[in-house]
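Per Swiss-Prot, these features apply:
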- 1-25: region 'Disordered' (REGION)
- 65-85: transmembrane segment (TRANSMEM)
- 117-137: transmembrane segment (TRANSMEM)
- 139-159: transmembrane segment (TRANSMEM)
- 164-184: transmembrane segment (TRANSMEM)
- 185-205: transmembrane segment (TRANSMEM)
- 237-257: transmembrane segment (TRANSMEM)
- 258-278: transmembrane segment (TRANSMEM)
- 304-324: transmembrane segment (TRANSMEM)
Amino acid sequence: MSVHGRVAPGQVAGTARQRSEPGTGTWRSRVLGTVLAYLALTKPRVIELLLVTAIPAMLLADRGAVHPLIIANTLIGGMMAAAGANTLNCVADADIDKVMNRTARRPLARAAVPTRSALIFGLALTVISFFWLWLSANLLSGLLALATVAFYVFIYTLLLKRRTSQNVVWGGAAGCMPVMIGWSAVTGTLAWPALAMFAIIFFWTPPHTWALAMRYKDDYKEAGVPMLPAVATERQVTKQILIYTWLTVLATLALTPAAGWLYAAVAAVAGAWFLTMAHQLYAGVRAGEAVKPLRLFLQSNNYLALVFCALAVDSAIGLPTLLG
């Protein structure tokens, strides 16, 4: 303040800066919070499955000779489709997400994003992914992506999830589609190796999901979702986990004629390791011991990544296939 009762120019600027800085910080925090909320709707961790399985499928389709631009465009389109499906799944499951401890922090469960905005966001991602794949790859891959979203939202989320304990068995087919999309983006068709990769993920999904659901079975009971561990005994669940683990390993071995020796060796060794864990879980339950199903859940991720990474390396370096 000057001696004449006036505010000095420097003081005005300083005061303005002091008033604007908190507002700027708050505005930035709100924007960042909104961006992170929309990102969380897409379930980025789930999208990792796309990267782990789609790239090896594309490399196998052309024995490593596929153009990098095709890979990039397919991954972008595939990730948008997966993000759209996951967002729409969050919209449909908002009511049960509020009840379950594991999902209570999801954006719609805590009202961080308006439901209508999330719905528009999910639909927009789905439509854009279809046209992206159609224009950058081919119509078949775009249609497969569109069918995947529709199946995941309407068949799994709205029809199966709340009605049957076999929900993840049949609903898990949506998670198998990245290999089909990747293969079709490169070749424009579908062939038996793509179906074999589909089978690997199809059979892998139940033991992977049920192992996690065993840990959170009380959540599913509270939400009224008939996930197998919530409606069956631990012995019944672990027996089913063991059966599907065997089917998973057999499916990986069925793919060996189209792959090279590296994949065959890794599939055999990793399969033995995966089976050992499943047998240990089942044996522990039968013996009445305290078991740790979450360990199988976490290691099942490593198993799938290891098998498909071996397939990618095998295809990229062009090792001779077992078919010659």
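Residue 1 is the first one shown; counting continues down the chain.
From the backbone N, Cα and C atoms, a Cβ is placed for every residue, glycine too.
Here the transmembrane segment (164-184) has long-range neighbours at 49-50, 53-58, 60-61, 74, 77-78, 81-82, 85, 133, 137-138, 140-141, 144-145, 147-148, 151-152, 155-157, 190-191, 193-194, 197-199, 201-202, 205-206, 209-210, 225-228, 230-232, meaning same-chain residues at least 6 beyond its ends whose C-beta is under 8 angstroms from one of its own. Each of 65-85, 237-257, 258-278 was scored by its Cβ pairs under 8 Å to the transmembrane segment (117-137), and the highest score goes to 65-85. Same-chain neighbours of the transmembrane segment (139-159): 74, 77-78, 81, 84-85, 88-89, 92-93, 126, 129-133, 167, 170-174, 177, 180-181, 184-185, 188-190, counting only residues six or more beyond its ends whose CB sits under 8 Å from a CB of the stretch. The list of residues near the transmembrane segment (65-85) in space but at least 6 beyond its ends in sequence, with Cβ under 8 angstroms from a Cβ of it, reads 41-43, 46-47, 50-51, 54-55, 58-59, 122-126, 128-130, 132-133, 136-137, 141-142, 145-146, 148-149, 152-153, 174, 178, 181-182, 185-186.
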